[in-house]
């Protein structure tokens, strides 16, 4: 078979490496000296030639011999690949291997050369002063002491301790070329070793070698943190791998982790030594973890001969979180047991756990341990309650909470068992009651009574000594159907004794006919208890103890044995020498007196022989403990001559000093709450307890209750003056003991009390029936309440127009302070509706911390409300909380925000509606001054000064109502609170409207706006329609839900075709969309115009268009209203200053209006008020009242007046601002022209505008026109003439009493005649005390549309 050329080439290529290896091995360099060992002497010359097939090189020993200066490598003539090594003057340290090799080091020829030097027989390494020998356990170690002379006699010396080792031919040997070989365990103790050789009896030493023991054992490898570790994205990961080894061990660390390829981690190693342990720490760090870093981190350590590894697992969360798992809502345990209630949750980072009991923080003690589990050992009844655990994330302060109820079940305890059971007999035929008082938690479902005939039970005196039940009754029968041996009846009731609820079961025996044993048994889930009562019936024989049953030493008492003198004779008293009949389960009298020898006869006297009975009285004086025991009365039956005995046990107690059980604790409480303090005292005789407050004796009074023998002190409706030092003093015959505690009362004072509530309630109820009678007689339909009650809707805003997100996110809501239960809210009739919500009148039970209910207004969303609308109402709630509490602001009372029902905002209810409607309704009753009788005029001189003083006090009272952030359901402080002497003032509807009222309304609105400004809030829609009238002439500002923080968004702009109240808006607001506090001052000036025009619409007859806005900016202003004074009109002009900075502040307005109010009252006292001429004429002609407007008229009345009071010398508010840089207002200003007085002409606004200046849709305008056609406006003759536009505005005003105009969409207005107004006021003056009962469950009333 022939092979092709290709196949031959392939075979040759495969065999090439084999031939190359053989060629290399055969082609080793050759030396000129053909020996493996060459011996020469010192100072000789070493000359060796090396030849090869390629270039050759020489290597020689690297000893301390300065060989480079004496050695030369040169070429030779034998060939191109030949080199000669020449070493001159050789020395002993030149001993070693000399090698000739090719450049690839694959082939070499070696010759070992001894340079014999007997004066230095050991080779010294280069630079070695001290050598190091590394020793490993259980290994053979070589000490490299090489010899320059062959066949030396060498030994190894070790220090310390000193020891010499010589070669034994086995484990210990010496080799010239290698050194001294010895097992490591023989020299591991040594600090140093060296070799020693003897030549001609002289010893030569090698260099000294330090012995270094090298270990390998790894004791452990730990990871910190270990197991499962949690981190959040962005946090730092630090993982320590710690290795503990024996000494002289080197460790090599290897890490494996998820992001090892990205090399995002840094690793640092550290080693320390402590004692016999060496510690290595390798730290892996990732500065900012991400989700890709999740996984297992493994650390491996190697010492060469030993390996070990460990790992930790890291979980990376995207953000911190807390997830609370489902837990039990009710936990039950038995009295004295131990319970552990764990909190099941997942969260990162580990949250902080805080525990609360009944709303108060609890701390750990010897019986309560806290953490992620609540552990209670040896539970007592005090441990029961509502527990709340609050988990707080320390990073983002996220909280999760869980509340559960801990019930401590108490086995039934029958109180009578703890007392000494009396050994009494019961008279035949008498009615008796046997009682079992049971305390148990939970209360026993039922208390069962059993009975057994006395003769059917056996009595064992031996069991008495053991404290066991001495009665053995086998046939206990349940008492039923009124049968229990005797005619019986079972009664059961629940009582509260010393703060504990107990069940009292009473077995009433109608007629004691049969002696029997009765047993009561109570059972609950924690256990059961029973009491056995001996019921022994006697005929004509009984024992009484006088004066009481509990006796102490040195008392006097008497035992009276009474018997039927026709049945018994020979009565005598004896005393038993031993007590045999008394048991803890009830005593059994001795039925027959058989053992009279055991009795000691006592001297007694017959005290009563009258009638059918005879009484033998045993008198015991100054008794001692020895007088206690069983006393027996023996009587002999006259007919049968048998003896009958009755036993009475007398217990004498040793007097004990009073002893307090526990101590009183200092308390801090809020005004209006209830304090209950228990002073538990033991002592014999029972101590008498007296309470003191600040060292003065405390007696029961209104709100102060003493019960349980004065042990319990209860202070209801705590007031400020109830604070102080309270002392409980307990005294008996041996002395006294006292306990003290200091009570602190905090919070604002509420001056209401029970007596005032009863008085006002009675008066209001009487008024209610009187008004009901008037309504029946007059039969006039009630005015539409929608005009008066819908203003509460104002804060429910269009979420598309107002950015409420910031409100919701930044303003807090504290549910613990503001949340009100829905089941305590009874919804009533609707008050009004808006585009997004509705307002319902409701009764709130207990919202003001009392047991009564209060009428409130509740804001709700309509059905199908969107999430944005829900957030808008929530935003309004938070704004109300942020604004706080003030007398002249519609205040928040509470809210219902919890899931399970609609969102509700509870605010104050103002029954008289908005100020605009009220002023219009009172036009026919307006008088500029108060009417005074002749009797008043006679005493005018004395009274005039009192008016100013009284008003000043009222102003101070009102202005002292400082703002505060309300902390819960606190009842509004009205004028009746700060002015108690005015509590019985007449109803607003019965009083005429006066100039003083108008100024007072203005003053109060200014005061409320001053408060809102102090809270950094801007109203932006201040108008009479947004001012509500409450009791006692108090006005309250509403519709500040759009108020904004002036430091957060001062340039807020409402976009789109929203309806804006242009007539009330300042020029800078109209043109620049800038809302500030000073723009609210402009609106306040317009509000003053409304007030002093008695509710007319501003800018009468003026078309609200671009021309109006231009003229307003140029300085044109409204004319003076019909009922104003020069001072008030000048104040309006000051508020309408074109430069916002020149307008007065609300604080300045408060001061100015307060002064005007005082001045007006002084003028009122003088029957002098300056009014426009038209008003004066109307008053004189129509009412028959004269106004003294001249000095002559003043003299007729013998009064003083100032005829200089007129427009020309009127000063504005600037006179009240000293140092003001603001210029005075001009005396005259340009005003808008009035329309002619044509009352029959119907004026309709063009371009879909209403009097408010709001842009209306055409559909709304048509509705307004239809309403206007239906409404007629009657006026009394007392009302002054007005423009046609003012008349029209009363019927077409776009706002209603409780609802701003641009929120209302389905309400109309009605202005009543004087007769209608009187009836309306009578109907509105409903009783102030709620006419409601406690609601069972929350059930929203249906909201019906109000009639148009």
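Glycine is treated like the rest: Cβ placed from N, Cα and C.
Residue annotated by Swiss-Prot as N-linked glycosylation site (from the set 138, 914): 138.
Range with Swiss-Prot annotation transmembrane segment, chosen from 694-714, 715-735, 736-756, 757-777, is 757-777.
For the ranges 854-879, 880-905, 932-957, 958-983, the feature annotated in Swiss-Prot as region 'Disordered' maps to 958-983. Straight-line distance linking the Cα atoms of residue 138 (N-linked glycosylation site) and residue 613 (N-linked glycosylation site), rounded to a whole number, equals 117 Å.
Each residue in the domain 'Ig-like C2-type 7' (658-744) gets a DSSP state, and the totals come to 3 helix, 51 strand, 33 coil.
Highest local Cβ density among the glycosylation sites 93, 138, 201, 556 belongs to 93, counted as other Cβ atoms within 10 Å over all protein chains shown. Listed in sequence order, the glycosylation sites near residue 93 (N-linked glycosylation site) (C-alpha within 10 Å of its C-alpha) are 63, out of 63, 153, 240, 556. In this view, residue 386 (N-linked glycosylation site) is surrounded by 12 other Cβ atoms within 10 Å of its Cβ, with every protein chain counted. Taking the Cα atom of each, residue 556 (N-linked glycosylation site) and residue 613 (N-linked glycosylation site) are about 25 angstrom apart. A gap of 62 Å separates the Cα atoms of residue 613 (N-linked glycosylation site) and residue 386 (N-linked glycosylation site). Cβ neighbour density within 10 Å is lowest for 365 among the glycosylation sites 63, 365. Rounded to a whole value, the Cα-Cα separation of residue 386 (N-linked glycosylation site) and residue 365 (N-linked glycosylation site) is 18 Å. If you take every residue in the domain 'Ig-like C2-type 7' (658-744) and average the pLDDT, you get 89. In the three-state DSSP classification, residue 386 (N-linked glycosylation site) falls within a strand.
In three-state terms derived from DSSP, residue 613 (N-linked glycosylation site) belongs to an extended strand segment.
The sparsest Cβ neighbourhood within 10 Å, among the listed glycosylation sites (153, 240, 310, 613), is found at 153.
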